[in-house]
Ligand SMILES: Nc1ncnc2c1ncn2[C@@H]1O[C@H](COP(=O)(O)OP(=O)(O)OP(=O)(O)O)[C@@H](O)[C@H]1O
């Protein structure tokens, strides 16, 4: 046993004055009076705070007092009839200003009931100074099938902390999915709570416009009910999906959005179908050039695209940074079904090198000069397509494994909600896309064209073509 104990550290000095709260004995009537005043104050505050319940209730009570039971009955009936007329007359404004605000109040109340449990079990609560600090539920807004919940984070938290536990939150709140994205201020996170699924139903083809808007081609329906517009200008598009995921519907949705331009000659489609023309052959008249039977013809076609790219780049150098399609120099879109057949599975080394070189030129230089690629791929691994990074726009449909999601859409996208590996086999055409300026992925379903619809479209907008090197 040591003779003297020495404890290192800073001791808290004893205060020179110690003050103890004095005990004042109060009469019972004063305590009761004070409690009554406090209770009344709480009731008044509660009345105004929960005005959306208290005001209608007071109104109904007053009607009852004034007109007996007919008062509230006719009031409720009158409100119901007015709401129905408003809904039938202008559904959008009824939902926006009538129904969704009421629903949001109710939902806020239900979230609050589960809030503490949800935050603690998801480890989003923080222990500080002997206290448990929770993120603050600030606001709830309702949209079709989705609630937008604004949350003020605890100091030190970031939106990705919520993204990592989004699945846990979804189970706690009993909803389909929760997606976390940065809120309007640095201290907030916006949780998109997805309830119903508007993508269960098949999406019919969108109408064809005479002059396509290359900045916004309508191709799919978003899970928030909006139309997903694909930007083709300035980009190359890669579509990845397991077999049967619906890559064909992505191709035909894009072709349909461009069909008006094909008809007028503003857009030229060049088709490469290494699987023998099974997918693209059905709309053959739409393609200005088409190659499917032998790989040499497909290499020729890609080299022609590369040559055109270089010719345009040389002409436009120093003049403009974005080519504007015209009848003399139309937009060329190379549609490639199963790119891996051209890049990875091809055994002829010489052809493979030719294809790789031509594709490299088109992918790196083509987007500024109006030569675009829309390519499909089943297997997103690096060995299959090393040039994945050359496709700025990537669409991920159903994938076989969870780790493929980040390979296609970019790091962290699965955590942010792109659950491509969970898409059901019974939902072909459903996938995830990254929207411009939005770090969270959006779930979409591409429109579906039947074979007859594709044939009709080809009949209306089809052009003279070159098939496997020969004029049709
Ligand atoms: N958007 C869609 N909506 C509804 N059904 C679809 C959609 N896309 C595809 N399908 C259905 O799913 C089936 C498979 O689609 P598709 O052939 O396009 O898949 P894929 O990804 O191209 O497959 P593979 O790689 O094997 O060719 C189609 O026969 C069609 O019936």
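Using the three backbone atoms N, Cα and C, a Cβ is placed for every residue, glycine included.
Note that the structure is predicted; figures quoted are calculated from it, not measured.
If you check TrEMBL, you get these features:
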type	residues	note
BINDING	241, 242, 243, 244, 245, 246, 247, 248	ATP binding site
DOMAIN	222-406	domain 'FtsK'
TRANSMEM	26-45	transmembrane segment
TRANSMEM	73-89	transmembrane segment
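Taking the mean position of the Cβ atoms of 241, 242, 243, 244, 245, 246, 247, 248 as the ATP site, the remaining same-chain residues with a Cβ inside 8 Å of that point are 378, 397, 398, 428. The most crowded of the binding-site residues listed here (242, 245) is 245, judged by how many other CB atoms sit within 10 Å of its own CB. Highlighted here are the binding-site residues (242, 244, 247) whose C-beta falls below 6 Å from ligand 1: 244, 247, in sequence order.
Long-range neighbours of the transmembrane segment (73-89) within the same chain, counting only residues 6 or more positions beyond its ends whose Cβ lies under 8 Å from a Cβ of the stretch, are 59-60, 63, 67, 95, 98-99. Beyond the ends of the transmembrane segment (26-45), by six or more residues, the same chain brings no residue to a C-beta distance below 8 angstroms of the stretch. Secondary structure from DSSP puts residue 246 (ATP binding site) in coil. The 10 Å shell around the Cβ of residue 243 (ATP binding site) contains 9 further Cβ atoms across the protein chains shown.
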